[in-house]
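Lifted from TrEMBL, the feature list:
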type	residues	note
TRANSMEM	B:29-51	transmembrane segment
TRANSMEM	B:74-93	transmembrane segment
DOMAIN	B:95-284	domain 'ABC transmembrane type-1'
TRANSMEM	B:100-124	transmembrane segment
TRANSMEM	B:144-168	transmembrane segment
TRANSMEM	B:208-229	transmembrane segment
TRANSMEM	B:262-283	transmembrane segment
Amino acid sequence: MAEHLLEVRNLSVEFHTAAGVVHAVKSISYHLDKGEKLAILGESGSGKSVSSSAIMNLIDMPPGRISGGEILLDGRDLLTMPAEERREVNGRRVAMIFQDPLSHLNPVYSVGWQIAEAMTTHGLAGSKAREEGLRLLRRVGIPEPERAMRKYPHEFSGGQRQRVMIAMALALRPDLLIADEPTTALDVTVQAEVLKLLKELQRETGMAVLIITHDLGVVAEIADRVVVMEKGTLVEAGTVREIYKNPQHPYTRKLIAAAPGKGVMHEPGARAEPLLSVRDVRKTYGSFEALKGISFDLMPGETMAVVGESGSGKSTLARALLRLDEPDSGTALWKGRDLFALSPSELYKLRRDLQMVFQDPTQSLNPRMTVFQLISEAWVIHPDILPKARWRERVAELLAQVGLSAEHMSRYPHQFSGGQRQRIAIARALALEPQLIICDEAVSALDVSVQAQVIELLDKLRREMGIAFIFIAHDLPVVRDFADHVMVMQQGEIVELGTIREVFETPRQAYTRALLAASLSPDPDAKAGCPEPPAADAEILIPKRSH
Amino acid sequence: MTLATTDNVIAAEPSLLVRMMRMLLADKFALSAAIFLLVILAIAIIGPSWLGDLATKQNLRGRNLPPFDWTRTWVWWMGADALGRPLFARIIVAAQNTLMVAAGAVILSSVIGTVLGLIAGFSSPRTGQIIMRLADVIMSFPSLLIAVIVLYVLGSSILNLMLVLAITRIPVYLRTTRAEVLEIRERMFVQAARVMGASSKRILFRHILPVVLPTLTTLATLDFAYVMLAESALSFLGIGIQPPEITWGLMISQGRQYLTNAWWLSFWPGLAIILTTMSLNLLSNWMRIALDPVQRWRLEMKGGKNG
C-alpha cells in the first residue's frame, strides 16, 4: 500500500470529558495520493478537524486519546513514531493552515521573522531563510513584500493574513498541506482569490492538499475527491462529481439539498405606503466614513436583503436604525415618524415594533437566564403586552412556533445547539410582536443544513405574520430564496438596489457581478469565476525537492 | 403540545433549594466548609454570654500554660495566655467581635464598591472619571494611615473600626467591577436587551451584575482574611479593639512577644483565622460553580454518582 502518500486506517479518537467518553472519530479510513486534492466535508461536530489534528499530533492528550488505527505517511505509521521524528515530519513533510490566521500568527513578531522561523527551525541559515521568505511572500501575492516582511500580523487584512499563513506553510515545501477551513472567515471575493492561489500553488509544487470544510462550494472549487463525515463516522467517499450528481447516503443528500440558492425567487408585491423610509443616513467614526448617505424604502411585509463584504457598513446601518449607535445625519421615517429624532420615552414604545436577531446566538442570549426568562423579559420590559398569568402559555406558543417544545422553557442557552439557540433568539424577537425584524448575519454562524431550516422558519413567519425583514448577509446565495429586494453595499455606499430577479439575473454594476461570480456553486461543473487578481509577478516556485 | 404536559415537566424538576442542597452534598469540601462556618457562626452568637466571664478571669498561677493538658477541663486544652486566661474560651468569645468587624467591613466595602463601580462603568465618561479619581485618592493613602487618623479623631469603637476598614477596601471592588462592566456592556446580550427597550437599571442589575458577581464573591472572601489581619494591626497600635474586648487579630498580636517560648498564644487564633477564610474560599468556589448554569452540571453529575 506504499503508493498512497497518506493513508488513515480505522482511526478512532475519543475524548474523556466529565460527561463521559465522547467518540469524536469512529474508525474512519481514507487515503490521499501524491498531488491529489482531497476534501473532508462535514458540519460542526462531525469530527473532521479532529481527524486532521491527529495527523499533525495536535490533539491534547489527555483529555483526547487515539484509541485505535494508524496514520501512514509513505507507509510509516506516524502514531508509533518517536516524538523527535514526528516533529521532523511536521512542517517539513506535512504543513497546516488554519481557519483564523490572526490567532495562529504570533502578534509580537514580524511576519518575516515568523516565516523565517519555520525554516531556521528545520536547519536553514538565517539570511537564506529571509531571502526565501521574501520570495514566498511575493509568490502568494502580498503587495510590497520587502516592507511586508517587517510588518506585524495585525497590519494585514484577513485575506492577506491567510496568504501569509500559506507562505509559512509552504516554506519547507511540504508533500502534504492540510487546510482547516482556510477561507471560512473571509469575504466571498477574497475567498475565491485564496482558493485560486491554493490551486495554483498545488499545481506548481505537486503537493497533496487535504482541505477540511463545511462548504460544498469550496469542495466543488478545489477538490478532486471528497469524503463526507457525520458525527465521527465516514458516510460517503468518492469524486466530487459523483458525490454531487449521485449522492448515496441520506446525509449527503440532505447537505446538497440544503445548499442555498436553488429555490424560486420572490416577486415583490405592488408598491404601497412604505413602512420604513430611510433617507441619506451618514455616520463617521473619526475620519472614517462608515455610511455615506444611504437611502431606501421598505414596504410592509417585505424583505430587504443587505449584502456586502466586511467593512461595507451594513452592520453600522442596522445599529443606526435601532439607535444602538447614533447616526450623524439623515432621516428614517417609520410610519411617518423620524426614528432618529425620537426622545428616549418615545423610542422605548417603538422598540416593540423593531426587533433584531444577532449573528451569534451564543453571545446574544444571556447565559445565566433560562429560556423562559429570556423570552418573557420582553414582557417585563413592556408590561402592557401580556398579563403575567399568560406568560407561560405564550412562551410555550412561541417556542412551538419556532420549532422547539415547551419543555425547553426551563433550560439554559448552553444546553442547545447553535441552530436551536438562534430559534430561541427569534422567539424572543417575536415576543414583542414586532413589525420589522433586522437580522444581522443571523444565519452566517450556522451549519448549512441548519441555515436552511432557520431561513425556512423566517420565511414562514413572514408569510403567516406579515413581518418585514431587513436581512443582512455577506453571501448572496443565502438571500436569493428569501428576499424581495437586494441592496448591495460597498464601503458605506449602496452600489446596487433592485429586486432579487434584477440583481441576480441582470446585475448592472461591476461589483455586484464580481460578488455573484465569486460565490461558489456546489456544482463542480459550474466553476465559479474569479475576479482577476492584481498582476503579481508570478514567479514559479522552485521544483519540489526530491527525497 | 398542551399546557398540562408542560406544567408536569416543569413540576418534575426539583426546586432550587433542593438542587442547591444536592450540589452541596456532592462537594465534600464545600460541605465541610459550610458546616464549619455554621459552627463558627453559632459560637459567635452565643460565645460571649456563655464563656465571657471565664475568658476574662485572670489566673496568674496558670501563666502561659502549655496546651494539650488533658487532665484539666476542655477550656484549658489549648493552653492559657500571659495572664493565665484559657485560650480556647478566649477564641470562642473573640469570634463575635472578629466576625462582626470583618463581615461588616467586607459587606460594606463590597456593596459600596460594587455600586460605585457599576455606575462608573455604565454612566457617562465624566461621572466615571470622577469616581475613579476618588478611588485613586483613597488608594494613594496608606490605608493604615487613614485608619490611624480617623480612629484617633473619632475614637475607637467596633463600628468606627468597621467603617474605616470598609473605606480603605472600597477601591478594590470599585476597580474590579468597573473593568468588568466595561467589557460586559459591549457583549451581545446587553445589546439585545437594549434593542428590547430595557432600561439602564434593568441592564445593570439583571444582565451585567450577575456576570460580575462570581468575581466579586471570590474577591470578598479573600478580603475577609485581609480585613481580619488589618484589624489586628490596628489593635496592635492600640487604636483598634480595646481590651478587655478581644478579637482573633488582637490575640495574635498579644502573643507576639511570647512567640519564642509560648507559640500557642498566637498559633490558635491564627489557626482560627486560617480555617475561617479557607472555609469561606471553599464555599465561594462552590458557589461560583453552583450558581453558573453552564458549570452546574459538574456538581450535579458528581452528586448523581454518589447517590
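Yeah, the Cβs are placed from backbone N, Cα and C, and that goes for glycine too.
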Is the transmembrane segment (B:208-229) in contact with the transmembrane segment (B:100-124), using three or more Cβ pairs under 8 angstroms as the rule and ignoring pairs under 6 apart in sequence?
-> yes
Ranked by Cβ pairs within a distance under 8 Å of the transmembrane segment (B:74-93), the first of B:29-51, B:144-168, B:262-283 is B:262-283
Which sequence positions outside the transmembrane segment (B:208-229), separated from its termini by at least 6 residues, show Cβ-Cβ distances below 8 Å to it?
-> 98, 101-103, 105-106, 109-110, 114, 118, 122, 165, 169, 172-173, 176-177, 180-181, 184-185, 190, 247-249, 273, 276-277, 280-281, 283-285, 287-288, 291-292
Short question: which residues 6 or more past the ends of the transmembrane segment (B:262-283) have a Cβ under 8 Å from it?
-> 29-30, 32-34, 36-37, 40, 64, 66-67, 78-79, 81-82, 87-88, 91, 94-95, 98-99, 218, 221-222, 224-225, 228-229, 248-249, 251-252, 254-256
